[in-house]
Amino acid sequence: MKKISSRQEIREQVKKWQEQGLTVALVPTMGCFHQGHLSLIKKGREIADRLIVSLFVNPIQFGPGEDLDAYPRPYEKDSRLAEELGTDVLFCPETTEMYGPNFQTNISVTTLTADLCGAGRPGHFDGVATVVTKLFHLCQPDFAIFGEKDFQQLAMIKQLVIDLDFDLQIISCPIYREDDGLAMSSRNKYLNAEQRLKALCLSQALEVAKDYVLARSAAGKTIESDEVITKARGVIIDAGYEPEYISIVDQQTLEPSPTVQPGNVMALAVRIAERIRLIDNSALLT
């Protein structure tokens, strides 16, 4: 595995591959790999001739008071795992390499980022869209692989690819969960034992919602989204938390759906502690 930290070098490497007619997959990450990340890397290895994993903690997607400084950075461990899974290039630029001293450009995908996580994290998705755009330009991938846990981010990136005419395919991979159902996240490392147990309320709320929807559907009844949200909210309240949001939306437009329809997704966010905010989502009717 080759480690590259400069924009010029990654461009040169990709150009060599392209001249050989090789396809390229990109897995953008902020590091601190868990099994969810590794599933993305494995998928990239399966579908392309060459695989780039980017490892960059992107400062412009963190808001004031968020965990940029505390965000875990186990670089050596991440590097070893990427190499073990057959990564060809680990692209690990410094912040000053990605963003020059006079950097002024901001990419914004407006409508898709207005609600859900976007409502409580102003500027976050602009930061994600900007760094992803730069990575797409630098790495010129044929495929880019993202996880479905960051449901709103995935929808935004798909729209970004359409709007900016990127010649690449977005591949999504399912949420990777712990044995007890908790969606894997780099921020799970922050949880103490009590918080870790209570954090199960996210996946439990989704299961309660799905069970309710399936029962109503089997009975041939209309399923009001507000009823389902109330059921899910009760699970989170019982765990001692107030959800930041719970919403049932169209999986492509992210528009709220007044009644549950096939393909709708329930997405939710809960702040477990001051700097520990977890998200999860699930389709309700397939």
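The backbone N, Cα and C atoms fix where each Cβ goes, and this holds for glycine too.
Going by Swiss-Prot, these are the annotated features:
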BINDING   30-37, 147-150, 184-187  ATP binding site
ACT_SITE  H37  active site, proton donor
BINDING   Q61, Q153  (R)-pantoate binding site
BINDING   Q61  beta-alanine binding site
H37 (active site, proton donor) as reference: those binding-site residues from Q61, G147, K149, Q153, M184 with C-alpha within 10 Å of it: G147, M184
Between Q153 ((R)-pantoate binding site) and S186 (ATP binding site): CA-CA distance (Å): 16
Entry from the recorded positions list H34, H37, K149 having the most other CB atoms no farther than 10 A: H37
Cα distance (Å, whole number) from Q153 ((R)-pantoate binding site) to M30 (ATP binding site): 14
DSSP three-state assignment for G36 (ATP binding site): helix
Alpha-carbon spacing, M184 (ATP binding site) to Q153 ((R)-pantoate binding site), which is rounded to whole Å: 16
From C32, H34, G36, G147, the binding-site residues whose CA lies within 10 Å of that of Q153 ((R)-pantoate binding site): G147
G147 (ATP binding site) - helix vs strand vs coil (DSSP): strand
Long-range Cβ environment of G147 (ATP binding site), under 8 Å and at least 6 residues apart: G36, H37, S39, L40, L154, S172, C173, P174, I175, Y176
Distance from Q61 ((R)-pantoate binding site) back to H34 (ATP binding site), taken between C-alpha atoms, in Å: 20
Those binding-site residues listed as Q61, Q153, S186, and which of them has the most Cβ atoms within 10 Å of its own Cβ: Q153
